[in-house]
């Protein structure tokens, strides 16, 4: 029988690159009651902690470990006593708690995702306590803080599905013996936006308003003017245009990462049925799909 405890001792030829442990998908619904007017935040939170020692890994010594069940309970208690003004502020509260409460925690990383509830509204009148789930882009954030430094905050949008039926094309690409894709001047353009940005400072930032502004800018650049749209020669160009517009309009952010899958819709051939399909009936194709990514940041000279 293998002697696991004796065979796997500290190895001087190895070193840790990074360690962490925590609790994922801690779900909370926080209700703020101001008389009969109620406000809600529902979130899913994941917490990762890094400790100053590695004795739990090296020797199976658990004396420094904060149980992950305790981490879960802490998230619940912080929601009660701190509330959830924004998911970014909540993430900072969690990081600060673990770093200030446990001297051997040297790094805290928190991911928070907000479930998209929207208050019911009719004819300009907002309901006092009823909400509807509106999955038109998910707000998420990542907060990381080291013991020796301030929190670093990323915010983002994911699962924002958008489509336009014209004002998009793809021409002038490389053609070789394996190319079957024809050039096209007019096509459907559909994607599911993933967009993440970093704040260069966290004081006096209205995270909720900034997120809403960037979401509006993404939609503005994708769609173009409401009466005529805006032509996109490639997904790459649209991606970059979104980044340029966002960093020019939102001075609080330092960089932006975007991922845009190119979700295909193909014209269905009806010629065998004696019909001409003029891009009226299309076939959505989930897989495979193109994926275009890009990250930009402000040049150092632009920050001086």
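Residue 1 is the first one shown; counting continues down the chain.
Backbone N, Cα and C atoms are what each Cβ position is placed from, and that goes for glycine too.
Keep in mind it's a predicted model, so treat the numbers as computed, not measured.
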Pick from 103, 262, 267: which one does Swiss-Prot list with 68, 69, 170, 187, 235, 236 for the same urate site? 262
Compile a sequence-ordered list of residues in the same chain as residue 63 (phosphoserine), six or more apart from it, whose Cβ lies below 8 A from its Cβ; state 'none' when nothing qualifies. 55
Residue with minimal Cβ packing [other Cβ atoms within 10 Å] among the recorded positions 36, 187: 36
Length of the line joining the Cα atoms of residue 232 (phosphoserine) and residue 164 (N6-acetyllysine), in Å: 10
What remains of the recorded positions 23, 69, 170, 187 once a 10 Å Cα-Cα cut-off to residue 289 (phosphotyrosine) is applied is none
Cα-nearest neighbour of residue 36 (N6-acetyllysine) within the listed recorded positions, 68, 170, 187, 235, 262: 68
Residue from 122, 175, 185 whose C-alpha is spatially nearest that of residue 69 (urate binding site), among the modified residues: 122
So which of the recorded positions is most packed in, judged by how many other Cβ atoms lie within 10 Å of its Cβ, out of 68, 232, 262? 232
